[in-house]
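Asker: Features from TrEMBL:
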type     : residues : note
DOMAIN   : 344-450  : domain 'TMC'
TRANSMEM : 88-111   : transmembrane segment
TRANSMEM : 123-140  : transmembrane segment
TRANSMEM : 160-179  : transmembrane segment
TRANSMEM : 246-265  : transmembrane segment
TRANSMEM : 280-300  : transmembrane segment
TRANSMEM : 312-336  : transmembrane segment
TRANSMEM : 356-375  : transmembrane segment
TRANSMEM : 455-477  : transmembrane segment
TRANSMEM : 526-543  : transmembrane segment
């Protein structure tokens, strides 16, 4: 519709869209750039095919924008941040799959297109769930890759390709996460003033993208509740007596002790199960723990008396993070110390991670059905007092972070595991969207979507990405690879492939610079010590700049207050002058009128 309008009507229509200023500016710049391109094209280029192709692109963009506005208009930007985060993780996995498939899998398939599968092994379909059998002899897992140099038009060292592909991918992921987290943190947290939270809620917290009438009424009521909570928080602290404070502290302490005991009991049960469990029992029980234990945490929160809803959410998130990190820590400890002693242990770890990814996806679908669809049916037909379930953004995001951590852990043991993640996140995106629009209501208390996105990325980076990177680094530097399978067979550790490559470079003229870099920089502890010092100095400089900006903001605010006092003083003097000499003032006013 906007394409057929004139430029003035397009600007007017874009202004009326229920979108943020940045999105409107992006749409307007797109129209202007396209108009410039159309003016530069010769008349003959405006054929019917070009116009149809251009119209098709406009329709696709418009449909995606309409779908996005549909979610925003009914549920707000806080719920939209979940889908933006999910799409962001999907892009991460597509990038990972393209790198691994392009630099590791395709060269091996070109050299040896037919996998060495025994005659008695065939694909039966159950491998999709278990990950064993037929998949064990393919390029799905670590054991399916060769340690040879592929001879052809160009020699291709599979050991170097496997090691450097995974190393470069993990480094790029870390850089992307750091830059995303720093950019979001700088925009939404660095210059934030805690004292202005109530003013922000009153003046800036309304989501103008919400167009649904019921959602508007609900958000209006939610804003009133949030303002009451914010205004009464300090007064509530002052009204509490010493005995009440001690009682609340006892409840907090008991809740955290129970949460810690639940985590320890979960880890103990997980460890005992790993010792004697069969193929699918471990991922089933682990996924069940991730589903059931957070329900107990939500029950604990009902007995705690936090002064603000924000602290309640933080407590719930921290407990869930501790739970998932502890479960992954027990699994990694078992794989690195028990499974590492078996035959072709890397492929066995890859199979275990594959089953965890698949079963976790099944539990996510079952959670959407039982947790949202059945709750909607019960709340609307059987027990109307319960009401329609809310879309819990924090819980759903933690599930995504857990799923992505499994993919990062499996990047070394199952290079094609990101392909499973792509299918999983793609289906999950549309499944959650349908479940959201059909079964859920907007959250009763919502946070700022931009700051929620910052917290999501921060949690994804630490402790989950840092933990996965530490496990991959430990496997590469400390554990001995399998002797009969995989690209690193016969080496003391995976990192030794770099030393072997440097040794071969000694016979090649003109490669002394690479040998010098390896021996004097990469193997030098002083180099890493200097790099660490430089990073710490940069962090300190940025921290000082941030502190200086905060102090400048405080001074500017004080200057505004002083100027307001000066104006108030001058107005008082003027009023006193008018009251003390009314006749003189009236004469002056009449003279000015004449």
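Backbone N, Cα and C define each Cβ position, glycine as well.
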Asker: In the predicted model, what is the mean pLDDT computed over the domain 'TMC' (344-450)?
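Answerer: Looking only at the domain 'TMC' (344-450), pLDDT averages out to 85.
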Asker: Quick one: DSSP breakdown of the domain 'TMC' (344-450) into helix, strand and coil?
Answerer: 80 helix, 2 strand, 25 coil
Asker: Between the transmembrane segment (246-265) and the transmembrane segment (312-336), are there three or more CB pairs that fall under 8 A, provided the residues in each pair are separated by 6 or more in sequence?
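Answerer: These two stretches do touch.
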Asker: Using a Cβ cut-off under 8 Å, which residues of the same chain at least 6 positions beyond either end of the transmembrane segment (526-543) come close to it?
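Answerer: Tertiary neighbours of the transmembrane segment (526-543) are 520.
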